[in-house]
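One structure is given here, and the rest of the page talks about it.
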């Protein structure tokens, strides 16, 4: 044998004799158990046996080994549990066991060895059991390449037995030959050795202290050891040539114990292949193939020089040790992945000199405070710094410039509790912020927007600090202490101070990227005129998108957004067509100007000039006001002073436009006549200093602009006035400029040159300021409450402006400016939403999370779709004559308020499940002290389920092209209503589309889809959304908004997922030279002859759709005649060929590269509505299963939603499309598939009750086809194999293979979806239920089910009506009876989430008849094709349904009743499946003939 050549040392002494002692007994129930202690050398263990076990052992030994029959003490029946008998028997049994051990001193018989647990604890028994196991399964294990797990005790037993030098088969049983083990270990590749921490089993054996030798393994590629003492493990070094992966856990105190066990024998050693620098005692071979080493969870305190022996290592895991310093890793040139988490590292100085090529570095759970040592790890891709002590944000700068870094984790550091922690950290990465995944959370669009703002803020601060450094001395000489003008350097950060635990809303500054073309072309913002440090700001967003030529940023960004027609150059001079009636009156902020900030020196110089001119014009009024305030302060009381200030304020505020030049000259001449010029100048200077806190000359020459805010402004002074504005915050006050409405659609140069000064006021005239809506609307009250400015802009800029304004006031003055009516900067939009929903008593309002809020105008008005004879809907929309303002007044205000109300913006606030429409009250704010819950009552809320909100598919044929339409107008379909949303801020439309599409895609279960009535009117082609979201159709219409004080209930069974209306295939196949279809106009920036953007189907493989798929879907698209249909389903059923594929991709598909695989018509039942069976068109794709449902389900669930939005109207009735409900079950959510008896139906089960649906195909062929296609699709969803070699991942590749095999009627698919088929137990349950309902089950022979089919019972219609309704039934045919049952298809078998059994039984017997009582069978085509009428003789003596009286078969309204006079009972049954129908007739005729001796009469009727 192979063992003959093995030698582990001299032969050991003879083994000590084994002993077995009975040390006690226990009474268990009614019998006694004897406790036996077995000793084998130093090892001992305890076992328990009752007397009957001894008796069985003795019988087998007598039979096999012929021992003395009287050796075992006799059995006693009476008094067997008496104490005296038990004690005597203990002694006798101990003598018996000792005798057996002496009889068999070397090798115990097999039965005795198992009785004494030798196979678990004794050396020979352990090796014999292992050898027998490998004899039977060894080849199978080696062939499968699976991991073989072995215990240290087994390895110890093998080592000990080899060292004893005994024969390899001492027992004489060839199966237990030690050679089987050695043959197996020589070829094994994947080994796992797992010990235990404490004693093993009932023994005193501590496995972690047992020595063993691994040199018997000759071909190891991968080994894992845990809870073994590395000092006692020998022979592992013999696997150096082949071992590629090694894991040693809970076993080592140093790396040398594992990598250089020879180090304990040699003082000086060097790795093989290195140049020897001095005397050494040994040259040790390296680990030639080792690339992965896991030494985690040990007690390693240093990375010693043993790493020199693993030069090819790529993956090194030293986590959960005690490493203090990163050292010696410079020898690992191939190291790519290093895990040093949860050690004791406190410094990383010089770590880049030791980790040159590392891509993944895990430093979590250490004591790190500084990251400066990481700044040169240029190859780093993944960095984990969780659970450290990093406090300063500046530390992130050390890794901010690493060019390859993609994933960073900083959670559970002191740094992570900073407000806006994510955006501030991301801003440290500069232009690469979009590529960084922070804390395992992908960077969102809103975070990138905030990062851009923070970068711009930082750049502005840098520029500001440079400018202030040159003028600091001048400013200090002339600034008075009473009016701090310049924001102190110690002011807090101005980013949005929201809580880190609350999701921030979408920050609306993305529009900066849309003005880069104009900004670069403008003479005011040309990069040539900017300082070198400022040039990156003007192109920040452009650079972040790549080095694109000028003019392409806006167009390409717009093309990537669903709902956007295309990018339009701001300089494009094409005439605008009014998108909605009265749209010329709409006030909006153009996006061509928001790129001009306080860092643009030319722009700032122009603003300074305008402000200086305005101050000179307003100087007399300010001087007069200052003088009067001084006099009032000294002579009059507080009330008179307020009255005079009010009079003065009326004369000095809101001066519009530049004054006449002649007036200025005349005024100047009059002043010279009244006073001496020098005295007047002195008086003006002193008064201005008193009023503004600044020297006049310095003010006029050095106006310091702190912040420029482009915004939408609502000014309330008795009446409401709205205009697009530019607010300029200076160190003395605030200046307001208006963008003339007629100029808002021009180029940026035109807009900037036409800026009109409105008014300005010093800081001292500001009485209150705060947020009407946190992060959305800032309010400034100027001197008197009726003069109020409502500032609407994006959150980041508003907070920046608010923070800069606060810094202009001393802390003691801020308390006077805070308002109890307004919110402070510390309140988040999420908190405001929670308070608002609580005020309106919305259920679950505290759980709602704001995903974005957008100011819009909402318009609704009637429009009529006029269809031509050719069926072309494009361009045939007639708008009712109305103006925008009147439309908004009618829709948004009560009739009594319509005359007083102006067209003011609303806010669309998106949450995960709802679209919230918020209307704010912009009436004059009350004075201080009159706060009485005004901030709650001043908002009106209307909520619409997001599942009912769609982008209007008719948008392409109703909305003209143009910059205004592209950037501000979006048409929605809310329920059955058409609503036009006009966004007042730039780029907000595109943010809304991004968030809307993400939320729609995340909705579960039910969603609303649009199905075009005519292929020519299908939703237009749109580009894919960035981030892989599905394309959506656009919106067009004017709709009146109605408000409801409470939330509208969401449709059950669940909310809807996104309606993915991808482009139609007909457009995809258009030739390159063909003009773009009317529904998909080419982008404005493209040449006139250019083709429209490639539709979504261009993403899928070229062979899709194949001709076979087109043909099969056409053949399968045949709706059964018995299923009720609605117009939308009728339309689908009429489609043929490629039109079906087009419908799927234009209206149903979720993602761009999704492919349709199968189509099925069936009725379905949902878990939440078990009593409702509804028709559905089932579409199986590569991503999900879609159920397009009958409109009856919508009516069933929409009763509580019959509000303004959900009432059908002429707009919808005349529209070129249908609105349908679609249930979506994503394949990733699918957990199990239950197949019904005889394949008559199947149930798809997800993770929740809303994701359980049963398809009642009532046809085994249809069920089989669907399941076959489903398995094929699921197979394509299997996880892709690891790119590493197979040998690297033996845990997953060679683990437990339990998929793809049928066990207990369950098939675990390779995708982990469980397919459950009917078991014999299920058939037995059905048989039992039927048998129990029979009159005398005992007298009847055993039932044998011949046929089980899902059918319908035709109910006899009332007179004057058409064909009777169908009632679902289960028809069961046995050898002698036929039954009709009511079956629960949806609740059984119980889903895993079910906590209690259903209220209904699975089967309820409705009727039963004997086959011999069947008189004849009638087959006709009226009212249903080939419906069967089974005519029975109603005999009195039949033994079925004995408990049911004849009244059961009497005439009842809508019931089956009797067919006529006489003693006959008729069952009118409709079987949809022709195959099942023929099988029923065939089996019924055969059984009837066997029972009655003649052929069954089958008659054909009309």
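A Cβ is built for glycine as well, from the same backbone N, Cα and C atoms used for every other residue.
In terms of DSSP secondary structure, the region 'Necessary for binding to phosphoinositide-3-P' (1-134) contains 65 helix, 28 strand, 41 coil. Annotation comment: Swiss-Prot describes 1-134 as region 'Necessary for binding to phosphoinositide-3-P', evidence class similarity to another entry.
Among the features that Swiss-Prot reports, region 'Interaction with PAK1' is placed at 246-867.
Through the fold, the repeat 'LRR 2' (312-333) approaches residues 287-305, 339-348, 351, 353-357, 362, 365 of its own chain, all at least 6 residues removed from its boundaries and within a Cβ separation under 8 Å. Summarising the annotation, Swiss-Prot assigns repeat 'LRR 2' to 312-333.
Cβ atoms under 8 Å from those of the repeat 'LRR 4' (357-378) belong to residues 319, 333-351, 384-391, 395-396, 398-399, 401-404, 409 of the same chain, restricted to positions at least 6 beyond its ends. According to Swiss-Prot, the repeat 'LRR 4' annotation covers 357-378.
Remote same-chain partners of the repeat 'LRR 6' (404-425), defined as residues 6 or more beyond its termini with a Cβ less than 8 Å from a stretch Cβ, comprise 359, 364, 378-393, 395-396, 432, 435-441, 447, 450-451, 454, 493, 495-500, 504. The repeat 'LRR 6' annotation in Swiss-Prot covers 404-425.
The feature compositional bias 'Polar residues' is assigned by Swiss-Prot to 540-549.
What Swiss-Prot records for 637-648 (among others) is compositional bias 'Acidic residues'.
Model confidence over the region 'Interaction with LIMK' (659-867) is summarised by a mean pLDDT of 68. Under the heading region 'Interaction with LIMK', Swiss-Prot lists 659-867, citing similarity to another entry as support.
Annotation comment: Swiss-Prot describes 660-683 (among others) as compositional bias 'Acidic residues'.
If you look up Swiss-Prot, you'll see 1045-1101 marked as compositional bias 'Low complexity'.
As annotated by Swiss-Prot, phosphothreonine applies to 1280, with the evidence given as similarity to another entry.
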